[in-house]
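Feature annotations, courtesy of TrEMBL:
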- His521: active site, proton donor (ACT_SITE)
- His565: active site, proton acceptor (ACT_SITE)
- Thr116, Asn120, Cys121, Leu122, Val123, Val260: FAD binding site (BINDING)
- 300-314: domain 'Glucose-methanol-choline oxidoreductase N-terminal' (DOMAIN)
- 1-19: signal peptide (SIGNAL)
Amino acid sequence: MRLAQRLAISSTLAGLSAAVILQDSSQLKDSYDFIIVGAGPGGATTANRLSESSDVKVLLLEAGGANDGELAIDVPQLCVTLTPNTAWDWNFTTVPQEGLNGRTPPFPRGIGLGGTSAVNCLVYTRGTKSDIDTWATLSGDDSWGWDGLLPYFKKSEKFNLPVDGHNVTGQYTPEVHGFDGIIGVSVPGAARAIDDRVIAVTEELPEQFPYQQDMNSGEHLGIGWTQALIDSGVRSSAKAYLAPDYLSRENLDVLLYARVSRVVGTEDDALTLRSVEFQDGPDGELRNLTAGKEVILSAGSVHTPVILMHSGIGDAEVLEPLQIPVLVDNPSVGQNLTDHVGCSITYEVNSTKTLDNIWRDDSLMDSLLDEWKANKTGILVDTSENHIAWLRIPDDNAIWANATDPASGPTTAHIEFLFQNGVYPTKDSGNYFNLPVGAVSPASRGFITINSSDPFAAPLIDPRLLSEPIDLLMVREGIKVGQQFVQARAWDGYFVKALQDLETDEEIEEYVRENTVSFFHPVATAAMSPADADWGVVTPDLLVKGVKGLRIVDASVVPRLPAAHTSAAVYGVAEKAADIIKAAYPDLFKA
């Protein structure tokens, strides 16, 4: 039986016992204190924390479905099958990218409970101390620095030991982790054939490829064990904040298939945006609901600025031609879009112990799925790679002759490697080693905008990937470093040949332009800035500038992209945001 068929059948059966969540707006309460838009890491976390107070009524609106019982989502190794062009993805593409020779690559965004945390490849990384300290500098608020965010990173985290029970001494640093939170984080729970070789390179070439015990300590340079959003062998997404124990709260409602079009003013004040307009069901009518205290946008780096613009908050030069009444002329809305980019180099290997086999052998996949369902063990319990590298391009490299270092500091990486024991989609035959190479401190900036007054029309997404020459050069140099990595003695006899013939700088650069994609870590499209700054979209308290009653809690407020996969950052932001909101209403949230 083909994998897609097997997953579809399992999903149908599992959905019969799914948790009860509202799918009909007629079941809603008469009033809510807070209405939250979007059930990804920002929205689910905030909804959970605000509803801890039984006196506070919270409504969480989600455009998609429950995503319950989906093997493709729950089984960590199947993460590679979730995007693009699936039911769990908004299935966006970018506008033609000049830096990519005019290509329009996918721009994955998750839909349904969990948002993009339900469809990403689970890597948990916070970024460096200097990454997060830059947020404090840009926001003008020291509490947004590393020391202020670390307690919130820990608060969200439930570090759990790997399912295979191996000794994890030296694979992570307990002191920098949380063990009593909600989101599961773990190191790999199944060994892979290349693990020992990867670690051997750190011993053979420690100056170029040092060992990093814990990339979430605030310092990340080197090669270390992947920490992933996994709880006892199962994906841990933002849905963990909406587990049955939390959904049983009488003061928390979650409404599915409620797609928000805009936020609107109250009858008394057009600039007090405590009402949301949403489509009630996939083909339903538009309906309005008003929050007693606030509306909180957690729709993500694409949809949050789109909702703002359709609400009249954005660049007047964009809104007026579309006949959208301008409430707040703020050209920062949708701007500053920043994303990681990269591409892979692939090698045929002299081994049959790779993950390629599971993708082309149905009986093997069936057996592994049976093991996972029965015991939550086996090679499906981990994400795509057991190790990650964070590396800098040396200061004396010629690429810096005419460029400023875009990293947040001297201990923040320029490039990332993901060491994958196989390639997906795999080939009809052969076994492979795949090495995605990403630029994680990019200089390029793009934007999200609209070109229609229809709030449900697809937005224009222009991340301007590789628009800054230094980004192309960083990926190019990263590929050359990757080529050096596979030449270490630890790999003697392992590699048969490279699948790409890349020797000259020109060949590598053209390959990069033709193969680079988004790593789908977009941030900063509603960026935080000082309250009195004439740029930015939200204050350090995450209130939307120029209006009342509207706050944003998602990746769009992050003012600078960390050199990290971004789920961890958003959980930290949301945990902090919940405390900010509680402090704003002391009578409502009594200690």
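Every residue, even glycine, has its Cβ placed from backbone N, Cα and C.
A map of TrEMBL features onto the structure.
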{"residue": "Thr116", "record": "FAD binding site", "CB count, 10 Å": "30"}
{"residue": "Asn120", "record": "FAD binding site", "CB count, 10 Å": "24"}
{"residue": "Cys121", "record": "FAD binding site", "CB count, 10 Å": "21"}
{"residue": "Leu122", "record": "FAD binding site", "CB count, 10 Å": "25"}
{"residue": "Val123", "record": "FAD binding site", "CB count, 10 Å": "24"}
{"residue": "Val260", "record": "FAD binding site", "CB count, 10 Å": "27"}
{"residue": "His521", "record": "active site, proton donor", "CB count, 10 Å": "25"}
{"residue": "His565", "record": "active site, proton acceptor", "CB count, 10 Å": "26"}
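Sequence-remote contacts of a segment are chain residues at least 6 beyond its ends whose Cβ falls under 8 Å from one of its Cβ atoms, and for the domain 'Glucose-methanol-choline oxidoreductase N-terminal' (300-314) they are 37-38, 40, 42, 63, 90, 92, 107, 109, 115-116, 260-264, 273, 324-331, 333-334, 337, 448-450, 453, 455, 459, 461, 522-526, 537, 544, 546-547, 552, 554-556. For the pair the residue listed as 'active site, proton donor' and His565 (active site, proton acceptor), the Cα-Cα distance reads 6 Å. Between the two most distant C-alpha atoms of the annotated FAD binders (Thr116, Asn120, Cys121, Leu122, Val123, Val260) there are 29 Å.
In the three-state DSSP assignment, the secondary structure recorded for Asn120 (FAD binding site) is coil. Note: the Cα of Leu122 (FAD binding site) and the Cα of His565 (active site, proton acceptor) are spaced 9 Å from each other. Under DSSP, Val260 (FAD binding site) is assigned to a strand (E or B) in the three-state scheme. The DSSP breakdown of the domain 'Glucose-methanol-choline oxidoreductase N-terminal' (300-314), given as helix, strand and coil counts, is 11 helix, 2 strand, 2 coil. A gap of 27 Å separates the Cα atoms of Val260 (FAD binding site) and His565 (active site, proton acceptor). Considering only the binding-site residues Thr116, Asn120, Cys121, Val123, the residue whose Cα is spatially closest to the Cα of the residue listed as 'active site, proton acceptor' is Val123.
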